[in-house]
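Notes follow the structure.
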Amino acid sequence: MDGDRVEIDGGIMEGGGQILRVSTALSCLLGLPLRVRRIRAGRSQPGLRPQHLSGLEIIRDLCDGKLNGGEIGSTEITFTPGKIKGGTHIADTKTAGSVCLLMQVAMPCVLFAASPSELHLKGGTNAEMAPQIDYTVMVFKPIVEKFNFTFNCDIKRRGYYPQGGGEVVVQMSPVKELSPINLTERGTVTKIHGRAFVAGALPIKLAKDMSAAAVRCIRREIRDLYINIQPVREPDDQAVGTGSGIIIVAETSTGCLLAGSSLGKRGKNADKVGIEAAERLLQNLKHGGTVDDSLQDQLIIFMALAKGVSRVKSGPITLHTQTAIHFAEQLTKAKFTVTKSEEEDPGNDTYIIECQGMGMINPNL
């Protein structure tokens, strides 16, 4: 058996948890036994962290697979997948590890399960170095559903660094196959909205300050649009710990959604948090692509699985996206090409990511 394992080098390119997420999800979907070496070799603290281990465990449970080397700090695992089944599954990082990253690894798998799934994901809902849950609901969900599936994401409780304690419940039904997407027309920005939140011990004034600073920053570039960034205080019974942050989403006439976000932390001025999110949004609007730099890499696995040709116009290709493409091509029969977009303003740094998907068919349906 061991001779047939696909060997993955977890230390190349992005060198982090994403390699693990993409390769184990595809291993589970394709029934490919896997060995991943040098896990997170590119990080200051290499090996599995609680969040990565939870991700591996949920994949193992989803398909009755076998996982060896699954402990904190481990730099090598082997994984032998079984048959993907639906039902209720729980993943708990027991830290502020991101629930959104747990969702990233599990979602492609449950789409090809035998029956509907309910995932209870526990950890941090608004964590550094990961999409915020608000981003997942406001941007990722409407765009990824263009692959012709739907899911429900219920935020039961929010949890913040350092203790986590948040919980999100995701419900999905399996599909026969995924449709390709074509996101190549940006259109014009029609509205900008968002939410600035505080939770726990922080006063609502901080949320108002973040919101006001963000609006002022965007106004310098975009004068004629109504901007609505709601300041909110998370209800105490729906949030664990103390946290703050902001997400701002721009919608376009063709249905594109691009965002900028930022998290507050001790000693960081509220205005700075708002300005950081606004500047990130403006940067994402400047390149002329149809997706922002956080969504780019998250679409790759779905493009690889879809039947037919998907095309996405993006800004500069991130290292995360290059990494996702590399491992998607290594494990599936999908073929990606990335070309500089020619048609418009030569000052724009835009690219077309094209993928001939493998056309994964759900054997259970």
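Heads up, the Cβ atoms here are built off N, Cα and C, so glycines get one too.
Here TrEMBL flags His320 as active site, tele-AMP-histidine intermediate. All chains included, 20 other C-beta atoms sit within 10 angstroms of the C-beta of His320 (active site, tele-AMP-histidine intermediate).
TrEMBL lists Gln104 with the feature ATP binding site. Sequence-distant neighbours of Gln104 (ATP binding site) (same chain, 6+ residues apart, CB-CB distance under 8 A): Arg21, Gln298.
The domain 'RNA 3'-terminal phosphate cyclase' feature in TrEMBL is assigned to 13-338.
Residue counts for the domain 'RNA 3'-terminal phosphate cyclase insert' (184-286) under DSSP (helix as H, G, I; strand as E, B; rest coil) come to 38 helix, 37 strand, 28 coil. For 184-286, the entry in TrEMBL reads domain 'RNA 3'-terminal phosphate cyclase insert'.
Mean pLDDT for the domain 'RNA 3'-terminal phosphate cyclase insert' (184-286) in the predicted structure: 97.
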